[in-house]
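A.B. asks: A single structure is presented below for examination.
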Amino acid sequence: ASCALIAIWGEGERRGAVALKYFIFTHLGSLMVLVGLIVLYEATGSDSFSALRAGVTLAPGLVTTVTMFFIVGFCVKMAIFPLHLWLPDAHAVAPMPVTIMLAAAMLSMGTYGILRFPLSIFSPAQMAPFAVPMMVAGIVSELYGALMA
């Protein structure tokens, strides 16, 4: 729906191209999350978070694979560098109410997704290897945003 809002009510001649870019990026991010869920379901046979958290043990390589799918998918939604390419154009072209929705809903949804999915499924010990890379990605994104502002 937000793609249509950008394409129809966006400002300027580039609104169609920007809407397409936004559509491709956000749907590829959603696809990454979906693939992570499918891999997790195929490996465990369960789609219940509580059942997964309670006692299913996964190979470390599978935990890494599933977590990477989740993180990359939700980092697209959060516009973390270098997966941020959709954000500047979308905010520049979209009308103000759509920009507010993108900032409030999309970016927050990515943060919620990272906190909800991998952190609620896997143990803290399984998630520990991802702490430093995620901190580095956040710092790089913050610095990049500050320098480009």
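Backbone N, Cα and C atoms are what each Cβ position is placed from, and that goes for glycine too.
From TrEMBL, here are the annotated features:
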DOMAIN    2-149  domain 'NADH:quinone oxidoreductase/Mrp antiporter transmembrane'
TRANSMEM  22-41  transmembrane segment
TRANSMEM  61-80  transmembrane segment
TRANSMEM  92-115  transmembrane segment
TRANSMEM  127-147  transmembrane segment
A.B. asks: What parts of the chain pack near the transmembrane segment (92-115), using Cβ distances under 8 Å and only residues at least 6 beyond its ends?
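C.D. replies: Result: 2, 5-6, 9-12, 14-15, 18-19, 26, 33, 70-71, 73-80, 134.
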A.B. asks: Across the domain 'NADH:quinone oxidoreductase/Mrp antiporter transmembrane' (2-149), what are the DSSP residue counts per state (helix, strand, coil)?
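C.D. replies: Across the domain 'NADH:quinone oxidoreductase/Mrp antiporter transmembrane' (2-149), the residues distribute as 123 helix, 0 strand, 25 coil.
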